[in-house]
Structure formats: C-alpha cells, structure tokens
Amino acid sequence: MATAASNPYSILSSSSLVHADSAVMQQGSPFRNPQKLLQSDYLQGIPSNGHPLGHHWVTSLSDANPWSSLASSPLDQQDIKPGREDLQLGAIIHHRSPHVSHHSPHNNHPNTWGASPVHNSSGQPINVYSQPGFTVSGMLDHGGLTPPPPSGTTQSLHPVLREATDHGDLGSHHCHDHSDEETPTSDELEQFAKLFKQRRIKLGFTQADVGLALGTLYGNVFSQTTICRFEALQLSFKNMCKLKPLLNKWLEEADSSTGSPTSIDKIAAQGRKRKKRTSIEVSVKGVLETHFLKCPKPAALEISSLADSLQLEKEVVRVWFCNRRQKEKRMTPPGDPQQHEIYSHSVKTDTSCNEL
C-alpha cells in the first residue's frame, strides 16, 4: 500500500494502457480496412504451386504496419527478383539463380514483401516462380539437368548476346571463305624462287630491272633488295605469297616476249637493262694488243678500219683501247718509261698513229 501511495502514477498508467489496448482491440475486431480485406480475399484464391502464401503478404501493407517504409530500404533491394531474361540466361549457362534457390535471411521479416503483388497489363497476377524452365526450388521444369531446346535459346537471349552470336556465325563463315583461297606452300615458294632466278638470269635482267618493271606494269615498285631477298627466301611467308603472283606475271610476259624485238625493247625500256659483257677472242685480243703497242691512242679513222677488219663494233674497239691505257698506267710505276714507248724505239711506228 505504501508503494502504491508513494507512486500514484504507476497504477494510473498501467490501467490506462490496458483500457487503451482493449479499446483498440474492440474497435479493430469488427472493422477491417477495405483494401486489406479485398487483397487478403484475393490472395487466398491465387494458386501458389503448392506453397501457401504467408501472412506477411497481407500484414505488410503500407497502411497496416508503420514499418512498411522498410520496403524501400537497401535490405529490400537485395531481394529484388531477377527479370525474365536473366532467369532464362541462367538456364542456358547451367547456373541456378541465387535469388531463386536460396532464401534471403531477410525473408523472415514481415516487411520484406511490403509491395503488393505485381500485375500485368491484363490484370492477372504474375507469379515470380512461374518463369519458363524454373520451379520454386530453382530446378528446371523439363528435367533439371538438360538445357531448354536450342530453338528457343536464341530468341530468349538478350539482344546484345543474340547479336554477338550472329556475328560469331558470320566470322566463322568468313574464316571458312579465307581458308578456301589458294595459298602456296613453302615448298612451292621455294621452287618458284629458284625457277624465277634461273629464268631472270637467262633472259639477262637484273634484280633492279625486275623491281622497276613491276612498278611500271603493276604500279608496285620494288627495290633490288626485295627481289634479292625473295630469291634467297629471306622474306616472310606473307610477303612471299604477295610477291609471287606479281613475279609470275612478269616472268610469263618476259618469256612470251622472247624472240620478239619489240616486246624485248618494251621490257628493257621499263627497267635498266644490263648490257651484256663483251667477250673478245684470244686471237682478236692479240691483234689489238699489237696495235696498242704501236699506237696507244689511235684516231677515229684507225679505230673504224680496225673494227671492220676484226668484225667488231667501233664502240667496242674504242672502249678496249681506253681500258688498255688505264691498265698500262696502273702497271707502270711513276717515272719509268711505259711499254709502248720502249716498243716504239725498237720498232718503227706507223706514221698515221700520232699522239693526241
């Protein structure tokens, strides 16, 4: 009694709370929220595939519980179910969706499913677990181990993945086309390089002539080094394959022009045609040597008459005398009389040969 008298507010507060709670309960028992009533009655009629819906679907409405604001909290965002395309993509790669096969620890909270059931445009409720190929346990409807038929796989893919698949098919087709192209082997390139070198030398063309001729004929100028490396098989396989058809065309044209002066002149004009080395017989060379000892610098008339007698070109005779004089200078030390001077003193020289 003393305790009650010392604290008169305790009795008042406890009694008032009891009466307040009882009043609320008495008011809440006959009255139900219209929205709550309709949704609860409606949810009871929805088939749930053998899994009855818990009471938290009804009691977690925004007007039934002040804690319904947690529906927009980060905890609720972690339990957002994946879309149709994500679930179907997971079925294709043989992975079970973690949101379907494992329950989140927050599912026991009464406010986890605070939002109302999702409805489509026709007004029918959409079951989250009724995705094609999935059940509530995350297994596949058609057996649980094999993927869906391949006919629907491409259509169910994401547009980006579907486009990537199409590009992959096109890429494989292009690779198949490139593989069909005729590519010479290393043995064929080696044989062609050997044959090309033999034919080029036989026709009398230098490597530089071939490079310039390719530039004039086909618009691709190649240096002498490139042709040399091709013949020596020192280029890469890719460059050898590129250069082979050009050299083959040039070789065919050069072979077809054999015996035709006009074609030969045309090819010679395209490149620097190397002059053939003049070979003089030993008997002819002896006659020229004897004439050189008599007159190292013959006149133009003497060169012409000597060329006619030896059946040589005038230019060949003139060049031979020039080269012979240069050789005489290299062989004779400075200050010593040259050989033609010694010979001129011992033998009477021809008066028509004069020093110029």
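Heads up, the Cβ atoms here are built off N, Cα and C, so glycines get one too.
In Swiss-Prot, the DNA-binding region annotation falls on 273-332 of the listed ranges 213-272, 273-332. Mean pLDDT across the domain 'POU-specific' (181-255) comes to 86 in this model.
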